[in-house]
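Per TrEMBL, these features apply:
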- 18-187: domain 'AMP-dependent synthetase/ligase' (DOMAIN)
- 20-42: transmembrane segment (TRANSMEM)
- 238-320: domain 'AMP-binding enzyme C-terminal' (DOMAIN)
């Protein structure tokens with residue numbers, strides 16, 4: 001309820017219109033349970049519930065019930081009248097600049113550009129802690145945005161210690177959150193609770209963020225998933241966000257793989273990317289060529305230690321869990337090790 005009250009306190013682009021929500025997330029999911037179920041009760045908003053997600057049925061329901069708000073992603077939009085939509089919400093995974101531009105290109109019933117907003121939050125914080133105003137959806141694409149009312153945030157550089165050192169302005173640090181919507185602890189797991197919540201109530205999110213001069217909080221990466229290249233930290237999420245701005249890439253995942261050629265033991269950043277035009281690179285040679293072009297392209301966008309020295313691999317899809325999160329990078333690393341062993345065995 002604290003999170004619902006916090007979200008209600010934030011001005012919305014839809015406050016002046018009648019909102020109809022189409023729910024496709026399960027209510028056991030933190031966003032579905034808090035923002036779709038409880039929040040709509042508090043605000044008196046009608047909700048249309050789909051028993052399961054199907055792209056065609058989803059779009060048909062928007063047209064049939066004149067839905068104004070929904071949280072999903074779908075590409076088959078040209079066959080349906082979606083002009084009733086006023087706002088789309090993106091969360092649980094980074095929003096690429098291309099997709100954001102495409103959504104803004106759609107028109108609502110008043111012939112205005114469709115609003116899109118992004119959010120950031122965790123189960124432990126009872127869903128959202130940051131919301132990106134729709135007006136900034138393009139200018140600040142990829143940022144989880146402004147801290148919601150009644151919450152505190154700090155960026156800490158010694159998350160394993162007492163938390164006495166805060167990151168300097170513009171420098172990355174682990175995002176800590178404190179407020180009434182933060183959990184009391186993990187059920188029957190006092191050790192995990194002690195490791196995640198400080199004695200004075202700060203919850204350690206495990207995410208690395210930066211606070212920009214305007215007060216926005218771009219998420220750089222997860223603390224435990226940073227790639228270490230010759231002593232330099234390489235945040236996979238940062239590279240993934242850059243890759244999503246490539247005109248021919250619709251999805252990307254970056255991991256660290258052990259070097260087999262470098263003189264010193266180190267990790268190399270490797271990307272797995274999905275082509276925007278399925279089937280555009282059919283032969284193995286075309287796939288390799290596309291990967292090399294991505295490696296060359298990233299050198300114009302990132303610092304030297306962030307180059308994709310581990311390669312860029314073209315795949316059909318980045319595996320997702322049902323809540324739209326990427327599979328564990330440890331699983332990707334295991335896959336990469338297997339691939340490397342196969343290559344070594346065949347060489």
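The backbone N, Cα and C atoms fix where each Cβ goes, and this holds for glycine too.
TrEMBL annotations: computationally assigned, not manually curated.
For the domain 'AMP-binding enzyme C-terminal' (238-320), the DSSP-based tally of helix, strand and coil residues reads 24 helix, 24 strand, 35 coil.
Across the residues of the domain 'AMP-dependent synthetase/ligase' (18-187), the predicted structure has a mean pLDDT of 78.
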